[in-house]
Amino acid sequence: ISTIRQIQYPEQTREFDSRLTKTGRRSLSHSISHSSTDSNSSGGSDAENPEDEVSPRDMQQINSKGNMDFCIKNIKLADFGRREIELAEDEMTALMALRKAAQGEKPLAAAKIVGCTHVTAQTAVLFETLKVLGAQCRWAACNIYSTQDEVAAALAEQDFPVFAWKGESEDDFWWCIDRCVNVEGWEPNMILDDGGDMTHWIYKKYPHLFKKVKGIVEESITGIHRLHQLSKAGKLCVPAINVNDSVTKQKFDNLYCCRESILDSLKKTTDIMFGGKQVAICGYGEVGKGCSAALKAMGSVVYVTEIDPICALQACMDGFRLAKLGDVVRHVDMVITCTGNKNVVVREHMDLMKNGCVVCNMGRSNTEIDVNSLQTPELVWQHVRAQVDHIIWPDGKRIVLLAEGRVLNLSSSTVPIYVLSITATTQALALIELFNAPEGRYKQDVYLLPKKLDEYVASLHLQTFDAHLTELTDEQAKYMGLSKYGPFKPSYYR
């Protein structure tokens, strides 16, 4: 299968080995630790379960088979989690079809995959699919808030080594990643990452493991930036596939998913009414496009900030006002970051915001909002409910910070299962492609998923609809210079 190397991103100022995950300041009166029933909602108050006071690291748990190779909130939640996974399977028909089609040949037999992604019912379907296809896996969470504890319990009950719980501290976060990698008698040969944290940790602590790693599959723009930095520095010692820039991922997970989940997330956390509100959306990539379209449809007045003139022109053509954040920040009711960059909203911006302004992040990185700058003696943090903090200035002004600047829809809401199926199927195919690639096909660089596989992901999902593809005639295929069976777009098609 022919491939094309990914275009290099511009030079990034942030070093790869900087801390990728930071835990925001906690409430003055509560810990932000939630029961599993709050996994997909932040509408209620924080859990008061006494068990939440005990760290899973200090608990000795065992599943019904006598296995203890996991660390989760509560193994007793396994039955509940299994029902959630089964519900997700019903909606993730493409991944189930892939599981059925490939389980006989076991294309991932002998694969040892270490992963760091969200731990939810939908990703559990992916984990278990990889296992059906022959892989051994160990898993940690890439987000301290998105883990569904009942799903982690269901995986642990099935002897799946998972190390994740909702409300991890920063120290917990890296401890869980280490438990996945630092295992006697088991060494990974594939990495599935979301944000670059697993890759970062292995480079930092266990670089010798890359001698056996056949490749990395990365799904976030943040992680892709890190990989390109390594590649430019000549330090990327294995090939990597950039799943984030697959057409199916960009168009569906980033655009359509965010278009639906941004409204749900804001309603669940703030109960805000959107009509007439003035909103600044930072970034007009696929995530920004989805958020902007959703809020505009609800009657909000939307301003867009952009650094890229092409995306900026798209925003103008779509009817949005292009502005600098500093010029509109005084009067907007909401600021939403969608860039994947660093320090997009800084203390100077927040000092100018009006009372009650809502600040949140829909981009991958938790660095877009400079939360650390708010941890100063003159500001008071008031924890309101799960994922909602009021930051109070000396004059009484307050801003509403959601999910401590982490990814809002994954921390505070539910994400449509169907689009997650698209991403998960793409990840599975990328792992199969890298693991089975003949020697020399992929160099030590960052690649896009082959277009043929990208189109295969889409075709699998068409089965959900009463959809009928038209087939080219031989004459038409010859005229267009295409195979009747694809790929139908060039590798550079975005």
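Just so it is clear, glycine is given a Cβ too, placed from its N, Cα and C backbone atoms.
As annotated by TrEMBL, substrate binding site applies to THR120, ASP194, GLU219, LYS249, ASP253. Residues or ranges marked as NAD(+) binding site in TrEMBL: GLY285, GLU286, VAL287, GLY288, LYS289, GLY290, GLU306, ASN409. Annotation comment: TrEMBL describes 1-11 as compositional bias 'Polar residues'. Residues or ranges marked as compositional bias 'Low complexity' in TrEMBL: 29-46. What TrEMBL lists as domain 'S-adenosyl-L-homocysteine hydrolase NAD binding' is 254-415. As annotated by TrEMBL, region 'Disordered' applies to 1-58.
Cα of GLU306 (NAD(+) binding site) to Cα of ASP253 (substrate binding site): a span of 21 Å. Take the Cα of ASN409 (NAD(+) binding site) and measure to each of the binding-site residues THR120, ASP194, GLU219: the nearest one is THR120. Listed in sequence order, ILE281, CYS282, VAL304, CYS311, CYS338, THR339 are the same-chain residues at least 6 apart in sequence whose CB falls under 8 Å from the CB of GLY288 (NAD(+) binding site). GLY285 (NAD(+) binding site) and LYS249 (substrate binding site) are 13 Å apart (CA-CA, integer value). Put simply, the two farthest-apart Cα atoms among GLY285, GLU286, VAL287, GLY288, LYS289, GLY290, GLU306, ASN409, the recorded binders of NAD(+), are 22 Å from each other. Only ASP253, of the binding-site residues THR120, ASP194, GLU219, ASP253, have a C-alpha within 10 angstroms of the C-alpha of VAL287 (NAD(+) binding site). Put simply, GLY285 (NAD(+) binding site) is 12 Å from ASP253 (substrate binding site) when counted between their Cα atoms. Note on proximity: among THR120, ASP194, GLU219, the binding-site residues of the record, the Cα nearest GLY285 (NAD(+) binding site) is that of GLU219. Same-chain residues at least 6 positions away in sequence with a Cβ under 8 Å from that of GLU219 (substrate binding site) are, in sequence order, THR117, ASP193, ASP194, VAL243, ASN244, LYS249, THR423, THR426, GLN427. A straight line from the CA of LYS289 (NAD(+) binding site) to the CA of THR120 (substrate binding site) spans 25 Å. Comparing GLU286 (NAD(+) binding site) with THR120 (substrate binding site), their Cα atoms are 23 Å apart once rounded.
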